[in-house]
Each structure stands twice: as structure tokens, then as C-alpha cells.
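As written in TrEMBL, here are the features:
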COMPBIAS  1-14  compositional bias 'Basic residues'
REGION    1-91  region 'Disordered'
COMPBIAS  15-24  compositional bias 'Polar residues'
COMPBIAS  42-55  compositional bias 'Polar residues'
COMPBIAS  64-74  compositional bias 'Basic and acidic residues'
DOMAIN    175-256  domain 'Pop1 N-terminal'
REGION    365-400  region 'Disordered'
DOMAIN    616-707  domain 'POPLD'
REGION    716-790  region 'Disordered'
COMPBIAS  721-738  compositional bias 'Low complexity'
DOMAIN    845-1014  domain 'POP1 C-terminal'
REGION    903-927  region 'Disordered'
């Protein structure tokens, strides 16, 4: 037998039990007895007596089997001791299968093996069914219920498994039945439970099916659609209509005497930064205003955030009180700080009884149990109005209206000034429509409420407030005027043509009644504005003051409108009873009357290009009516956007987004910390080889913008330059006076002196590679800074006069029409006195700027804004296609420390793995020192950020991307005021305002144009 056959046989026999021996063509031992009792083959043995009896043959067979079985076991142990199998040699002889065998004796001798085999066959080693054990290419879809889909050899087993599954009893699920789960009461209980931590808007369920939801500021909000819609949303904002739900914005109501309210709020704003609460066109209630709030008498420091406000119109019908109402709308991230400051300036310390109704009783598990214990005759029946009774009040009608905590205060009173502050958050819905078709959608989806006449039956109508209103001729006349102005909006091309912030009050009918059968797109109707004189008056003067009145200011009417809303179930039931399906439903006096407010949003109001882009309308509604207005707007062609579209909208308007772009605001600081933490965790999840090494790229802070250190470093540069210029005034005074620029900024030849004063070498622009010392982080930080830096906190320049001055300086020098036009406005030139006066008032200020790339590139957040060198500007002048310089690679000063840290971790693991003593473990980690170093990131404290790279740092980008509005990369961010004046004083006239942008994960600088839009 060849070696190959031996190996094959050994492979077959290696898994057999040691007490089982199969027949083979040879044996390993010549002394092994065969079943015939001797060592000879059975064929050579012949029976001497062919006529022997059967008993003698049986006894001989028993004896031979016993001897054979007794000697097979030691033989098999010797033969299969090793994996190699049988040994071939001269002693191997052939063996034949016996002709006769006693089955009972043979089976009894091998009973153990047979039992083990049967047990292995009958007992399943896994829970898989037979069709689940097949390879994937043999599986079929219907195998689970059609046995004929299986191979023939497995059909019998599969049939037995199927029969066994049929007779097996299933455990009853502890969950409730389908009807119980779909019960309205249980759904409300579940929704209320899920709103304990993060409130839902009324459109939450609609958004949850179509949007990626995020939890922000205590709400569940839609971040972005699940479909690809970035360009579609931009087209909607530009040429169609984009719809957003801004009901998460907070509303604070101040009620009291006008003089007291203005006196209290005057300390929180400044006329230098723009409008105040006392603006004439806003004080009358005709327009909505916007203002930036600060802590009392702290301007320009300690900013709280931007807000919008509106006054209730004076002299409305039926209003004889002298008190005024003021609504302040603000972002939820700013609510806590602003509310506390307003309570302090208004001296509102005493809580009053809640004027906002709390829905009660809230459903609890005990109430749910009582609802489920119904009589047997009512189980399984549909819930009908007659079963529950006409007087039964629902537990909660509005799902997602932000169930309020009864123990929380929502109203405060001032005993000295008489001002009452109410928190109306979640008491109103606010929808925003952006785009030129927004007013067309409004006029198509909404209809002014019909005026009640005397002949109509009003006994059973729940809208008593509208009946009383229609009895007043002045109120009816005002309603007619509001309806006429509202109809004129349908023919106007764009909302930007109407004066900014225009407010129009209106009372409309139920928008669900005139809902179209399918979704359609509306277009402006020029026939609605045939009266050119009225349209011209509307575009020039806006809406009259009296037409801005709305019953939405009355909380009792809003409560009645919310409670008496016809449910969708009843409305659909009445539709089904129409004789002609699809015809208009007429409810008469039973139709709901909803007071609303329409507020014009001006869109882009800064800069010289694309003014009015992104304009639209805001719609204020009573709570409970969110979905009733949401669906009709969508059916008229509005596309819905989320938080991402809000960011894109503010970016294209070139206005700061709340709270991202407010670094001097507590909410902005908190947002930056959370964002940096999220980006750091995301960075650490990737291995070091698959993520950028920001140390070698020269990026000190890739996940946040160190505004404090940026302004502090620039102030240190200025102070060091002042000291050096004062020391060298006898010899270098003539040289310093001849330079055209600001003397308080360092010159090119004074870099060495400045580096000695700061304690950190300032890198020259011609240095080939930025090499950082390992001891740099320990030597430079927040310590050792002048006392002036500690006394002047960070602030953002919001003075309208100074921003206009800076905007004029950022343009080219005289020679262009743009500069001549600005010079005619009386703007001051870029002189030493003007710069020093600006820096004295704002020593550590940031300036909001817009950056447009000259070539290719798409800047993102945290992109570095740097000052170009003279060589960079010369190269750009020689070659207009020059993209920009490259930052040389930096050395990693933490390389050795990270290596030691890794070795230390390995040692600790080795000690923990073994049985080391506690003393040894203590030596491995003596004291919990500073945080471990992260490969690729700088550790705190950071070195001087302005001079860390080959180009001097000026600021950072907060938001940026490729702009579809201008067709190039565009970014928005902040720069240091001191650094901006330094750059403008050094740059040539035709190249003034050119900067360099470098992403955090790149070494390539790209040229961009810096502008300030006011």
C-alpha cells in the first residue's frame, strides 16, 4: 500500500473511538486473531464435516467472536496510537471479511458505540431548522412552509419539524393587543412619557417620519431631511418656498406701562449697536424690530444674545387700558440668561398665579388602568361619540404642546413698577416661509374668516368671541381692511418688496376645509393687484398701524380657539357625509375662526449684492393648530427644511447664526465647548495612521477657536511694540514716523525685540520650516500676560458707526468709484488717530467679516485666516492664477513624550496581568498628573497662536462652504480688530483686504477677499 493510501486511511480513522476497529486490507500485528479463530484466511479453511449441525456452528462463532473482540481493542490501541495511521511493513498480511456473523453478539459487543451514534443523530446541536443549515446557494424563499423546496433527503426531517411546531403551544405575549396599543389614551400616555426630557413640537411625528431627529436645547428637532435635498432646499429659498417650524423659539411677554418697560429695558441695549425697544416704527406696533441685549449697563461687554420684539398696536377696537404688551422672541439657548436679567431690571420677584392653563388631569398609569377596565360589552367596539357621552372632556387634545410642570413658575410681578412678565413658550406656533412664493402660498392656503350675520343660528356655536366681535362695526371694518391687504399680497412678486418687519393681523377660517385633493404648486396671480395705487401705497408705506391688530394677543381667546377646535376625525366624518364626494365642505357658524399674525422677514439686509434674498413671512398661530396649518402649506408646494437649512439660510444672508456665531455670549461659549468635545471624540475614534496630525500641520486648535488667546496675543504684540517704540524713539523716531500706518503695530524689522518681550520667538515669514521646541507649551500660556488683558474681557464690535468705518477701509484706495462714494458720505480716512481711538474703546474686540475665495477652494469651520506676506502679494501680482503659498511641515515636540506614555501603559498592563505586589503597581502610576497626551494634538496651554505658523494668524472661520449664490467658496468668521488694523495699515492700496485661508487639515494657503458688510 502506498504512503498516500496510508495517509488517506489515517485521515478517515483519526476521529473514530479507540474501542472501534474497522476492517482493512492489512494489520499492524501478526499476532492479531481473525474471526475464524486462527491466523489463516477463511477461504483456506474447509469444513471437515459438511453436514455439521447449526448448534455446533453457533457455538464456534460465539467463541471466535469473543476471542476476536478481546484482542481487537489492544490491537486498535497500538495501531491507531498516532495520527499517522497504520505502519506498513513486512509483517502486514491481508484480511478477508467473514462470511457469517452473529448479529446479537456483535451488536451487544458494540452497544456503547451504537448508543452514542443514535444520541448524536437524534439530539440537535443547535436551534437551527433543517433548511437553515443548508448552504446559501441551496436556500429558497419558501422553504419554511413548502417542504418540496428542500432536497429529497431532508424533506422527511423538515416535515417532522413542521408538525412539531404546529402542535407546540406558544406562550401568550404579555404585551397588549393591537386595539389596546392603538387606543388614543395609551398613545397620549406614551407620548407624554417620551416628552419628559425633550419636548416635542406639534409637527414632531410628521418630522420623525421624514427627518433625522436630534435633541437640542430641550427639544426633539428635525436636523435634515432623509432624502438628498441640499440643492432642492436652496432652489426653494431662491425661487420657490421653504417651510420651517420655529415653534421651539421662546416668547416672553412684558405687560405694564410703556414708560416703565422702556426705562427698565433701556439699560440692556445701546443705540450705538442699532435699534432699541423705543424705535418709532416698532413702538407703534407696525413693525417687528431686532436688538442685541447685554447685561444692564455693561455694553459692549457681557452680551446676552440677539432677540426680536413686537409691540401690541395702540388704539385697537375694544382696548381702553393704558398698559402695553411687548413680546420678546429669543432662541431657547439664550432664554435662561435673558429671562433672569429682564426679571432683575424690571424688579419682578414675586410669582403670580399661572395665567396659562395647564392641561389636567394628565394621564397616569392609574388612570390608564381605569380606562382599560371596561365592561365586556364595550370591549372590541369602536370608540364613538355616543358611547362616551357628549359632555365627556378628553384628557388631552393637543399632542406635543409641551406639557408644563405645574410646580414651575411662568409669571412674575413687580410690586414697584407694576410690570408683569409671562413665559409664553410653547403657547404659540411659529412657522417660517422663505422664498418669493411664500405670500402666494399664504393667500392660497388661508381664507379670511366670514363675518357673522344676524340671521345665522348661533345657539350651538362654540365661537362666542367671534360673534361678539362681529357686533362691533369698527371691528368688522378693520377685518375688511385686513382682508383686502391680505388679498393684495398674492400678486406681489417677492416679500422683499414690502417694508422690513411689517406686521399684519388677520382672523382666518379653518384651513383644512379648503384643502386640495392632491399636492400642487401655486404661482403669483397678477390679477389680484390690478389696483396699482393700493399696491404702490402698500409697498411704500407698509401695512397701516391699525391693521397689525390681532386677537392672538388675547390669551382667553387663544385658549377658546384651542379648546373648540374641530378634530380631524369629526371633520373627515362630515366630509364622508357629503352628497358629492370631493366638494367643498360648508360648516357655517360652526367653522373655527383662528387669529394669526403675519410678520415679514427682510432676508439679506447687508452688503450691496442680493439684497432681499431669503425674505419671507413668519406665521404665528395659537397652540393646537400646528398640523392644521402645516399640511395645507405643504399641499401648496412648500418644501420643508430643518436645522441644517437654517444654518445655510443664515450663511447665504451673511448673518451670524444663533448661538454658533456669538463667541462673547454664554450660549455661544457653551455651544463651542460641546462642539469641541464632540469633534475630539470623533477624532479619537480613528487610529493615528488614519487621521491628520495637527501638530505637524501647524494647527493648534482644530476643534475650537481660541478667541480669548487670539485677542490677548494681539494685545501683547501691540503693547510690546509700544514699549519698543518708546525705548527707540530718539534714534528711530524719524523712521517710525515715515511709515504709512499705525505706529502701535510691530514693524518688519522689530520682530526680534517683540519676541524677547513676549518670551516666545516670533517666526519670520522667510523661515523654511516651523520647528517648535518641546518645552514651548510649558513656557507659554495664560500666565505672564499684562494686567490690561485681564481687565478687558472679550467682546464683538457691533457699533454701526465703527463698522461702517472699517468697511470703507477694507476696500481699495482712492481711484475706484466705490471709494469715492464712501468718501462722499463723510467717512474718516485710515489715520493714526482714528485707529488709536478705535483701539482705546475696544482693545480686545472681534470683527464679523465675510471672506470670498479668489480661486478654487471650499473653506470649512475652524479655517485659519492669516495675513499674507509681501512676497505672497508680489507673486499674486505676477500670476493671477497663483493659488497661494504652502505652510512648511512642523516638527512634533511631543513625540518622545508620547513614546514614553505608550511604554508606561505597556508596563502597567504587564504588571496588572501578572501577580505583582501593590508596591509595584504604585510605582507604575504614582500620582494622577495631567491628562495624557493625544497623538496629533497640542496639549494645553497652547503657545502664542498669532506667530505659530509662517503666516501671522488674524482670525478663524465659523461657517463656510461652497456658495451656490456666488459660485465660489465663501466663509464667515471673526478677526481680531487690532490685527485687522495692522494688516490694513501695511497692505498696498490696490491689494488692501487680501487674506490667506488655510483649512486645519491642510498645508495649502489660498487667497481670499475680506469685506465687512453693514
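Glycine residues also receive a Cβ, built from the backbone N, Cα and C atoms like all the rest.
In the compositional bias 'Basic residues' (1-14), helix, strand and coil residues by DSSP number 11 helix, 0 strand, 3 coil. Taken together, the residues in the domain 'POPLD' (616-707) have a mean pLDDT of 93 on the 0 to 100 scale. For the domain 'POPLD' (616-707), the number of residues in each DSSP class (helix H, G, I; strand E, B; coil) is 48 helix, 9 strand, 35 coil. Taken residue by residue, the domain 'Pop1 N-terminal' (175-256) breaks down under DSSP into 30 helix, 26 strand, 26 coil.
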